[in-house]
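**Q** Here it is: the structure, laid out below.
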Amino acid sequence: MMQQTMLRVKDPQKSLDFYTRVLGMRLLQKFDFPSMRFSLYFLGYEDKKEIPVDVKERTAWTFSRRATLELTHNWGSESDENQSYHNGNSDPRGFGEESRRAV
């Protein structure tokens, strides 16, 4: 069973807008790591009513989902004009596609 797929993102607000508004996913949990200057965003196709409010319960619940998308944002990358991530469709080739099916 695959629990999560991780993608690095340059601008978390733009990415969250795309995955939530366009693809209909929900933000399940966000973790900030100030000393290491990065944040993790976990998204999935879950019913809003099922997401626990309590932080400990929500964390355990998030990591028990069958599949989540993890967006990793390294702080400051959004304002670095030279920062980019390879999508696999141009050199250097590699990761090229991720398919999802919403039921």
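The backbone N, Cα and C atoms fix where each Cβ goes, and this holds for glycine too.
Got these off TrEMBL a minute ago, pasting:
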- 1-103: domain 'VOC' (DOMAIN)
- Gln4, Glu70: Zn(2+) binding site (BINDING)
- 74-90: compositional bias 'Polar residues' (COMPBIAS)
- 74-103: region 'Disordered' (REGION)
- 94-103: compositional bias 'Basic and acidic residues' (COMPBIAS)
**Q** Other Cβ atoms within 10 Å is the metric here; tell me which of the binding-site residues Gln4, Glu70 scores highest.
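**A** Compared across Gln4, Glu70, the most Cβ atoms within 10 Å surround Glu70.
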**Q** Tell me, by DSSP, whether Glu70 (Zn(2+) binding site) is helix, strand or coil?
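**A** The residue in question, Glu70 (Zn(2+) binding site), is strand (DSSP, three-state).
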**Q** In three-state terms from DSSP, label Gln4 (Zn(2+) binding site) for me.
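**A** Strand, per DSSP.
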